[in-house]
Amino acid sequence: MDSPPKKNPMDDLFGEDSDNDSRSSRSKSSSSGNASSSSSSSSSSSSSSSAAGGDGEGDGGGADSGSASDSGSGSSGGKEEHGDDKVESYRSNDNGESGVYPYEEEEEEEEDEKDLFGSDNEEYTKTPAISTYSIPVLPAGWSNDNHGGRGGMGRGRWSNGRGGPGLLPRPGPYPGRGGNRGGFGGRYQNYQRDERFVSELKLSKSKETLARKQTNFQEPCELTCYSRVEGGEVIYDDQGLRLFKRHIGEEIGADLNQGYDTFIEKKDLGSEGFGDLLGSIRAKNISLDNIHFVTFRNNLNKILGAAYNRHEPWEMGVHKRNGTIYLDVHKLPERPQSDLDRRRCYWGYCFESLATEDPGRAYGEEIHHVDANVEFCSVVRTKLGAHRVMMGAEMDCCDVSDKGKRFYVELKTTRELDDRTVDRFEREKLLKFWIQSFVAGVPYIVVGFRDDGGRLVRTERLTTRDIAHRARLKNYWQGGVCLAFADEVLCWLYGTVKENEDYILQFVHPFMRLELLQAQSCPDAITNHVHLLQNPASPPPPPQ
């Protein structure tokens, strides 16, 4: 009897699991009928897994992540799949000779098949259209004034100068050490509060406490999209979306320096890029009545990542209009880039060109004319905890399942790993990869590993759900901690900022608190957007 014909692995890069993964959360949600029963939660018993990257929103774009041992050149990269007893090495190359990924079919239980990111605590949940939660009310701020209330009389907890010392010294600088911050002195005694200070959120909760908090995260739903084409024109369609090349393994050994001389670097559009996102929302007449936050993905990456990343400063604009908070991307000053820095950045864009279909490039033809300003942005709606978020996220490319379902794919470039760099890669870079992909609902990440000279050494496909599983197994980080932390931040923000006022949210040294500072102006992109929503026929006000 003739054996059944074997399926050519080159015909399908992602295999059947791609369709299962991309539709899993929806099938799970539609079959349950109860949003709360399908909600994702981060609990201590199941050790959730977790979190951040640049779009035109600042997610990192095609920037190469640089050396795994470097502190910050470019974006981060890569993941491998983990099981309880078997672990595939990051250094293994299963591509073989075929030049195509050997994506074997994954045998999963029926429940796992229904869930895009597995049955862990970071699964997506469906939630009702109207929130049942009221706007959070913040407790009264903590005060250093201990003269009133409990302990103000007698020999109580604090010393009061009567009848001998108290059981504990009064909070404040240690004697003889100066400073103006309660009880710290030494390292923190020179901390000076910004005169624009409005409020702060101290990062006092432990990761164990956050891990026990149940935080729902709704599966992102795409509402619209837009493209930026050559010349900078913005078109409200998917013209700029590229198709993933399933035979990327054929590019192993390619020089990522090709085309560097004609590279067009990405322009810093500032708030103008945010205006393009808001314009796409208006073009589709999408209501913001029940939306608490509008932002680029990059700002959510920063917030979720701060649960673990306590050494990278950042800030963002915070502007509340008509009950919706607009988070504007702010870029902090950077050190001047060397030629090597620019090349590493280009290697990421070059890999994106190699990994996507280009009808205009003949087989074997080198990459040329790479324009970092050409991009495609998806606009999605999701819900984190009690707050609905509308978010713009730049997407590298897409692929299509056997059943015609389109899904997005993230492309990353990073230095080849060795025994010294694997640990940091899993602790830090995979955390950023997971956040960037998870919050936008991207199921797959394809990583190009390169050597120090910019030559492509190997490629590897990672699934977003398995990144979280692996990190949890090794106790590196938990996705649920990042979600719980972000929920705390959004609750604090929404309950603190006032209507028609402008702020800056910053996270700076010594990285012990988030600070909300008063700002003096609102970007024209937001002002014009609000005006056009209320008066579609009238021209926007002149720039400030």
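Positions of Cβ are set from backbone N, Cα and C atoms, glycine also.
Source: prediction; values computed, not measured.
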According to Swiss-Prot, which residue out of S98, S119, S143, S401 bears the annotation phosphoserine?
S119
Record-annotated Mg(2+) 1 site (Swiss-Prot): member among D339, D371, D396, D423 besides E352, E410, L411:
D396
Additional site residue, Q239, Q436 [criterion: listed by Swiss-Prot with E272, F296, R297, N298, C377, E394, K412 for substrate]:
Q436
Sparsest Cβ surroundings (other CB atoms within 10 Å) among the binding-site residues N298, Q436:
N298
Binding-site residues compared (E272, E394) - highest count of Cβ atoms within 10 Å:
E394
C-beta crowding around C377 (substrate binding site), within 10 angstroms:
26
Please find which two of E272, F296, R297, N298, C377, E394, K412, Q436 have the most distant C-alpha atoms, given that the record lists them as binding substrate, and give only that distance in angstrom, rounded to a whole number.
26
